[in-house]
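Undergrad: Below you'll find the structure I mean.
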Amino acid sequence: MGDSRPTDISWDRLDKPRFFAWGTVCFLAVRSLTYPVSLVKTRVQVGNKRQRFQSIKMLSKIVRLEGVRALYQGFTVTALGTLPGQMIYLSAMESTKLVVSTTCRKMLGWDENRTALVSGLLGGGVASLSTQIVMVPVDVVSQRLMIQKRHHHKMDVPSSTSTSHPSPPLTTGRALFLHILQTEGPRGLYKGFLTSILTYAPSSAIWWGTQSLCKSVLGPLVPDRNAAFVAVSAASGLVAGFVAASFTTPLDVIKTRIQTVTPSHRSELDLLTNTCRTLWQTQGWKGFTRGMGARMVNMGMTSVLMIVTYETVKKLSYRETQA
């Protein structure tokens, strides 16, 4: 007998406790697989050297000079902060998609593809906005841990520039968190908040809009949607990851450099304009695309794993009667 569960499970058909339990375990596993690529991307973005194959060379240097364990610097902070943030994100995204898709179908009479695109765009945007209070401090602490070096004189990340944090190495997230509070105050934990919103909200909206549209278009093309749901989910996730990464890398570069900048009392708008000006003057347009290769690989790989995992978690959490 085939799988009777629908391929597109809405928020009101999920067993929430089961959904959050499965989601916590599965997303932590996925995050552990993709974290090293994110670390390499961050190191490349805050560096000042321009060279070909930056991401590959950076990965090689980290492993050679710092060891494999260095690829997981800041992972604990990211895991502890991201998991609750992920649950808030998914709850906001799914509930928004449900409201928007219902409105589009019943009140506006839109077709499935148009409905999928708009509900994905709005759901992704709202979800991102709802989680920035949690995720920005996680980003600030984890990224500063990522760029700390055990071999300062050999790495490409400068030890004290306008785009790197000059404090002595603090090896735990708790120590760095307290250091930021003591030296910069609570504002230090929200450095780059505006830029994060400008980066993640469009990225999330583009990602979910693209993924939902691809899934809506590809789904009817396969003879058995339940049997092929993994392939359809993976393909739509891969396309969404590449599209979102290519459009938002410049904003991600600016955000990363602001969040790892030397402590400053300047406003974020001032830091934003100064970072853009410095990047343009020193590196030109290429400065805004630093780490794009690593980011596309990271988002593409993460997108495939995340969406397949997410769709599987939704199937495992499906309930026959509406909540």
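The backbone N, Cα and C atoms fix where each Cβ goes, glycine too.
Unlike curated records, TrEMBL annotations are generated automatically.
As the structure is a computational prediction, the values presented were derived from the model and not from experiment.
So TrEMBL lists the following for this protein:
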REPEAT    17-99  repeat 'Solcar'
TRANSMEM  20-40  transmembrane segment
TRANSMEM  70-92  transmembrane segment
REPEAT    115-217  repeat 'Solcar'
TRANSMEM  116-141  transmembrane segment
TRANSMEM  188-208  transmembrane segment
REPEAT    228-316  repeat 'Solcar'
TRANSMEM  228-247  transmembrane segment
Undergrad: In terms of Cβ proximity under 8 Å, which residues at least six beyond the ends of the transmembrane segment (70-92) contact it?
TA: 11, 20, 23-24, 27-28, 31-32, 35-36, 39-40, 62-63, 123, 126-128, 130-131, 134-135, 137-138, 141-146, 148, 150, 172-173, 177, 310
Undergrad: I need to check the long-range neighbours of the transmembrane segment (188-208): which residues 6 or more away from its ends have a CB within less than 8 Å of a CB in the stretch?
TA: 93, 97, 120-125, 127-129, 132, 135-137, 139-141, 177, 180-181, 240-241, 243-244, 247-248, 251-252, 254-255, 258-259, 261, 263, 268-269, 271-272, 299, 303
Undergrad: Summarise the repeat 'Solcar' (228-316) by DSSP state, stating how many residues are helix, strand and coil.
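TA: Secondary-structure composition of the repeat 'Solcar' (228-316): 78 helix, 0 strand, 11 coil.
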Undergrad: Pull the DSSP breakdown for the repeat 'Solcar' (17-99) and write it out as helix, strand, coil residue counts.
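TA: Going through the repeat 'Solcar' (17-99) residue by residue, I get 73 helix, 0 strand, 10 coil.
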